[in-house]
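Below you'll find the structure, written out as structure tokens, and then a few comments.
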Amino acid sequence: MSPKTETKAGVGFKAGVKDYKLTYYTPDYETKDTDILAAFRVTPQPGVPAEEAGAAVAAESSTGTWTTVWTDGLTSLDRYKGRCYHIEPVAGEESQFIAYVAYPLDLFEEGSVTNMFTSIVGNVFGFKALRALRLEDLRIPPAYTKTFLGPPHGIQVERDKLNKYGRPLLGCTIKPKLGLSAKNYGRAVYECLRGGLDFTKDDENVNSQPFMRWRDRFLFCAEAIFKSQAETGEIKGHYLNATAGTCEEMIKRAVFARELGVPIVMHDYLTGGFTANTSLAHYCRDNGLLLHIHRAMHAVIDRQKNHGMHFRVLAKALRMSGGDHIHAGTVVGKLEGEREITLGFVDLLRDDFIEKDRSRGIYFTQDWVSMPGVLPVASGGIHVWHMPALTEIFGDDSVLQFGGGTLGHPWGNAPGAVANRVALEACVQARNEGRNLAREGNEIIREASKWSPELAAACEVWKEIKFEFEAMDTL
């Protein structure tokens with residue numbers, strides 16, 4: 001080795017591996033208003049100190065790698081590195097802790113959920129020094145949220161488009177989810193809308209299969225919408241699923257929906273991807289279409305308590321990427337959802353300013369500034385007996401969606417829709433009169449069923465149906 005090379009190697013650079021905590025654990029750091037803040041639930045491998053594990057998360061999700069590199073000297077690590085600035089224990093879990101990490105805003109591309117997640121929940125989740133890692137929450141600063149367009153329209157604009165106020169909206173997923181012909185599918189849509197529902201919905205896995213191609217489904221559903229509107233005098237909609245194998249095909253389907261004059265389309269935002277979702281949201285905003293979002297695949301990511309990503313993070317990401325509705329659990333139905341946690345991310349979807357509240361799983365105060373809100377959709381195993389609880393839990397700004405709870409009515413689809421509409425109107429009227437829905441809910445439904453034979457039949461069919469399993473996702 002030449003003397004010249006030896007001299008260079010000795011100036012400002014020392015090859016080798018050093019502990020992450022020496023660079024990325026900074027307990028004295030004061031967070032900035034422009035930082036993206038993350039709360040990670042960390043389960044390190046035995047023998048790995050909490051400070052080292054937290055620093056490793058900050059490093060591997062920002063500027064760090066496993067060894068010191070020459071090119072560190074060509075940038076300012078102090079400006080660009082993520083910092084683990086606080087560590088706190090998890091009650092009842094000796095081997096876990098919450099690591100708080102601050103990321104400088106310049107690490108992220110403007111208006112790109114894809115880029116944000118590629119860093120924060122990228123390779124770090126496969127890091128060997130960690131047994132498990134879960135992203136519990138993010139604080140998105142206004143400086144970053146203002147680079148996103150957000151929901152295509154938002155709650156108030158949707159109500160104005162539909163001319164529906166003062167109550168939750170009612171929906172229904174057409175069942176069986178797969179196997180119907182386009183004409184029979186359209187007939188079911190018509191019967192449900194005529195019976196009193198505001199919306200019907202494609203199931204998430206209805207795209208363009210051999211038994212029902214997308215164009216045929218769109219045509220028959222549009223016919224059902226316009227016929228039911230003419231008969232009822234109400235504005236109706238059907239969530240036409242535009243999800244496809246390519247972004248180009250997805251946009252083509254949305255264009256056809258717009259040409260038909262329908263009010264709303266749908267996207268599976270996790271299986272379709274955030275880039276596709278944001279592209280579709282931009283199209284919907286520019287062309288007057290509402291956008292319904294289904295969260296298929298979310299439980300793969302968010303259901304395990306120790307690893308993955310909490311749904312409140314996915315909900316925040318969706319609000320930035322763009323959607324007017326998103327499925328958010330039911331609390332009372334067949335799908336996962338603990339009450340306080342669910343209400344926490346429902347507020348994150350709808351409200352402008354949400355205070356930190358650890359009792360509901362909210363780790364950071366979130367300020368959305370002027371970004372429109374998203375309507376939470378309660379769907380999955382719900383029926384007329386759940387209507388008082390759903391009305392009380394979710395309030396007016398929500399969509400209550402009954403699939404089997406409409407189409408499973410013993411008299412058919414239209415009577416099933418009538419039963420749900422009567423139950424909802426009864427609950428809203430009782431609430432407006434000052435009655436307690438949580439305490440008097442069953443009595444309110446029984447009273448309404450005395451003058452609605454459709455509701456009485458529904459009450460009889462589902463009087464014994466319960467889904468009583470302990471929620472996996474608890475505080």
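Glycine is treated like the rest: Cβ placed from N, Cα and C.
These features come from Swiss-Prot:
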type	residues	note
MOD_RES	Pro3	N-acetylproline
MOD_RES	Lys14	N6,N6,N6-trimethyllysine
ACT_SITE	Lys175	active site, proton acceptor
BINDING	Lys201, Asp203, Glu204	Mg(2+) binding site
ACT_SITE	His294	active site, proton acceptor
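Structure with Swiss-Prot features highlighted.
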residue: Lys175; record: active site, proton acceptor; Cβ contacts under 8 Å, 6 or more apart: Asp203, Gly403, Gly404, Leu407, Gly408
residue: Lys201; record: Mg(2+) binding site; Cβ contacts under 8 Å, 6 or more apart: Gly171, Cys172, Thr173, Ile174, His238, Tyr239, Met266, His292, Gln401, Gly403
residue: Glu204; record: Mg(2+) binding site; Cβ contacts under 8 Å, 6 or more apart: Asn241, Thr243, Asp268, Thr271, His294, Ala296
Residues near the Mg(2+) site, Lys201, Asp203, Glu204 excluded, by Cβ within 8 Å of the Cβ center?
Thr173, Ile174, Lys177, Asp202, Asn205, Val206, Tyr239, Asn241, Met266, His294
For Asp203 (Mg(2+) binding site), list the number of other Cβ atoms lying within 10 Å of its Cβ atom.
18
According to DSSP, does His294 (active site, proton acceptor) sit in a helix, a strand, or coil?
strand
Where Glu204 (Mg(2+) binding site) sits in the secondary structure, as DSSP reduces it to three classes:
coil
Tell me, how many other CB atoms lie within 10 A of the CB of His294 (active site, proton acceptor), whichever protein chain they belong to?
28
Can you tell me whether DSSP puts Lys175 (active site, proton acceptor) in helix, strand or coil?
coil
